[in-house]
Amino acid sequence: MPYLLEMKNITKTFGSVKAIDNVSLRLNAGEIVSLCGENGSGKSTLMKVLCGIYPHGSYEGEIIFAGEEIQASHIRDTERKGIAIIHQELALVKELTVLENIFLGNEITHNGIMDYDLMTLRCQKLLAQVSLSISPDTRVGDLGLGQQQLVEIAKALNKQVRLLILDEPTASLTEQETSVLLDIIRDLQQHGIACIYISHKLNEVKAISDTICVIRDGQHIGTRDAAGMSEDDIITMMVGRELTALYPNEPHTTGDEILRIEHLTAWHPVNRHIKRVNDVSFSLKRGEILGIAGLVGAGRTETIQCLFGVWPGQWEGKIYIDGKQVDIRNCQQAIAQGIAMVPEDRKRDGIVPVMAVGKNITLAALKKFTGSISQLDDAAEQKCILESIQQLKVKTSSPDLAIGRLSGGNQQKAILARCLLLNPRILILDEPTRGIDIGAKYEIYKLINQLVQQGIAVIVISSELPEVLGLSDRVLVMHEGKLKANLINHNLTQEQVMEAALRSEHHVEKQSV
């Protein structure tokens, strides 16, 4: 039986750099292939070649789809063939309805007039196919990220898709939304639709894949049956070496209390009747890693936004640093108290995409390079930039390159470098490894461990429970704005954390760390 897709000996160069070097990929109808590799390995470049974003003639090699050679000059050419890609950054127009998004550019018309009745009927069938119980007239901006992801799939199905490419589809989804999405992909597989699945979440890769293809440094390392591979096997192929322990287990001691929060309550920015954080109190010691776990809507991010002075709504409570009550109402006041934060959404809140990597790193610490006459010392700034890039192992061709062109992992390292320039005593990390590859995660985990050994106190918020449990000395469990448990991490399990989140009473372990 012929393959649905064959990519033969694909090579793509940018100047003298080979982003893809003689890579081949093939899959059958109804097959799910996971494409794995570190950020910058060439996965996205390969998919852009396949989809026509990089047109025929700009690369070497051959693409055969459904028995015919594809020589696409535009993404529309491959869409007509039945190839659709859904990027991590969804391409929906939030101001339009679900129906309008699904049929955007593919409207059903009769004599130049759109047939809304027929489109509504078709839209309802597509939504049912992806198990989405919403009205076609719902505004996309009113949907959650998980629902928007399913609308994207419905949009692809409307184009008679035969091959669906999903790039980091669950990076911003809850566990429940992820489970729904994986079930939808399996259902599409039963209807003969093939899928190329790109994800750094190896548990998902193992759960969904028939075959796993690994790319490293632009080269094809190997393709194997998923059933015969462990997560460690995938990691070794991706990074070219064994990671003996993903989470550093180097001992570190905690000091005295550096931070205490008492009776923190925060209200919704618009609806004052809704409490997003409800009477939360906790403390933090020097050299301690404090994890905050909870389901979406638990109030984790809202809590630390109050601490960093960036919560947009009203809040009340007391913050003590070194035993003294402090008033923090903006990020400048937080920084002055020795607090730095890596935000949850790095693209929205963490970087200026068009600004140079170096300028992003020094953005919050320009006073360090400003003399008495308010003139910037360019030489001192450049020296600091180069030292930060080297220390954090930020992979960039130049400090002057726009940071938006870096991989997610290297953007995150640059944000961390900016935080460290502030010489923080308390470092807040909100989803520190979201959407970055396993190698970059490992480097960030090692850095966190080094920081706490220097006495810096770290707060880690993550939707990935293994990450919280692998890093933290102590875990706060939140649910619906309330602190449900304060647990010492003595071999804590995911089940214990979830049980604590959902139990009715508050639970605190009183042992010292």
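For all residues, glycine too, the Cβ spot is worked out from N, Cα and C.
Residue environment of GLY42 (ATP binding site) contains 24 other Cβ atoms, counted within 10 Å of its Cβ in all protein chains. Marked as ATP binding site by Swiss-Prot on the basis of sequence analysis: GLY37, GLU38, ASN39, GLY40, SER41, GLY42, LYS43, SER44.
Per Swiss-Prot, domain 'ABC transporter 1' is recorded for 5-242, and the stated evidence type is sequence analysis.
According to Swiss-Prot, the domain 'ABC transporter 2' annotation covers 259-505.
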*Tell me, if you would, which residue among GLY37, GLY40 (binding-site residues) has the fewest other CB atoms within 10 Å in the structure shown?*
GLY40
*Determine which residues of this chain, when GLY37, GLU38, ASN39, GLY40, SER41, GLY42, LYS43, SER44 are set aside, have a Cβ within 8 Å of the centroid of the ATP site's Cβ atoms, and list them as they appear in the sequence.*
THR45, ILE215, SER407, ASP437
_Cβ neighbour count within 10 Å of GLU38 (ATP binding site)_ = 24
*So what's the mean pLDDT when you look at the domain 'ABC transporter 2' (259-505)?*
92
*List of residues, in chain order, with Cβ under 8 A from that of LYS43 (ATP binding site) and at least 6 apart*: LEU35, CYS36, GLY37, ILE198, ILE215
_Using DSSP and collapsing to three states, where does LYS43 (ATP binding site) fall: helix, strand or coil?_
helix
